[in-house]
Amino acid sequence: MSFRTIEWRDDSVIMIDQTRLPGEEVYNTYTDFKAVAEAIRGMVIRGAPAIGVAAAMGIALGARDIIADTHESFFRQLENVCDVMARTRPTAVNLFWAIERMKRVAEAGRDKPLDGIRQLLKEEAIRVEEEDLTICRNIGKWGATLIPEGATVLTHCNAGGLATAGYGTALGVIRAAHEAGKKIQVFADETRPWLQGARLTAWELVKEGIPATLISDNMAGFFMSRGEITCCVVGADRIAANGDTANKIGTYSVAVLAKENNIPFYVAAPISTLDLSLCDGGKIPIEERPAEEVTCIRGVDIAPAGVRVRNPAFDVTPARYISAIITENGIVRGDYRAGLRRIAGN
């Protein structure tokens, strides 16, 4: 990879600023947990796996800066750090998975000196990043088996290296197929209102030399109906026990169109994105973001002042529209409730 999404360096967190892409490749340095939380909230970093990594690193920064004379005081303040992280973005379950993982590590080290606990948290945050790279490569290897030679793959939003520690889930599948020598091309939905497809996915694909075509969101059905799309691959922010999947707003529309046109629709996500505590997607919390994201683009108003706006950041695709769910442990089809529990080791 020719870029790093996020890394721990010299007791700081370094992130590529995704709000500046594709025009500028800028890396920001964060030295306190509140700044990391704001970066997550402001979508400097986004994508469920990347948010999980950022949260873990933010907690490690917060733990480092806690001033405490007793373990009781330290753990009370650490809980506050975790609460700040938890309030950043409600839909991506990887955020809460990472927070709980860091809490367990701290609790397991409770008998150590405070500096020892801080060190454990730092090491765990780095481990979360390293594991994500391995997980995404495994997702890619499994998923590449579903991509035929000569395929044209449609993807929505950005589930690439920028949405993870650096390889990608949906784009990891595409990247792995490309690395295996398959001659494929990609259609990327622009993905309003944040334009993650236009700004981020297209940027990654061009950078990697993978043939890419950018389309607006309302063109997907047109190209499907003409037989120009072989399959669809998207990422996920939360997957319920029955396979219902929350992903970037507009994913549901793509899935329905794919079903209508008999096109396979695949979801690629790590096990950490599964939320088996939810029986179905109706229980997934959906983040609503500011109206300005819809009415303005790069500071330019594109709608009349005073118009009412709704801006849900995600929608839920029912499992019946999903052909398969690709994880690092394998591919699940059909009975998602049983298959996801099996592949998650539950």
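The count begins at 1 with the first shown residue.
Yeah, the Cβs are placed from backbone N, Cα and C, and that goes for glycine too.
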Pick from Arg4, Arg87, Arg89: which one does Swiss-Prot list with Arg46, Gly47, Ala48, Gln196, Asn247, Lys248 for the same substrate site?
Arg89
According to DSSP, which of helix, strand or coil covers Asn247 (substrate binding site)?
strand
Taking only same-chain residues 6+ apart in sequence, whose CB is under 8 Å from that of Gly47 (substrate binding site), what do you get?
Asn158, Ala159, Leu162, Ala163, Thr164, Gly235
Please list, in sequence order, the residues in the chain of Lys248 (substrate binding site) that are at least six apart in sequence and whose C-beta is under 8 Å away from its C-beta.
His156, Cys157, Thr191, Gln196, Val234, Gly235, Asp237, Ala313, Phe314, Asp315
For the recorded substrate site, whose residues are Arg46, Gly47, Ala48, Arg89, Gln196, Asn247, Lys248, find every other residue on that chain with a C-beta no more than 8 angstroms from the centre of their C-beta atoms, and list them by sequence position.
Ile51, Ala92, Cys157, Asn158, Ala159, Ala163, Gly235, Asp237, Ala313, Phe314
I'd like to know which of the binding-site residues Arg46, Arg89 has the most other Cβ atoms within 10 Å of its Cβ.
Arg46
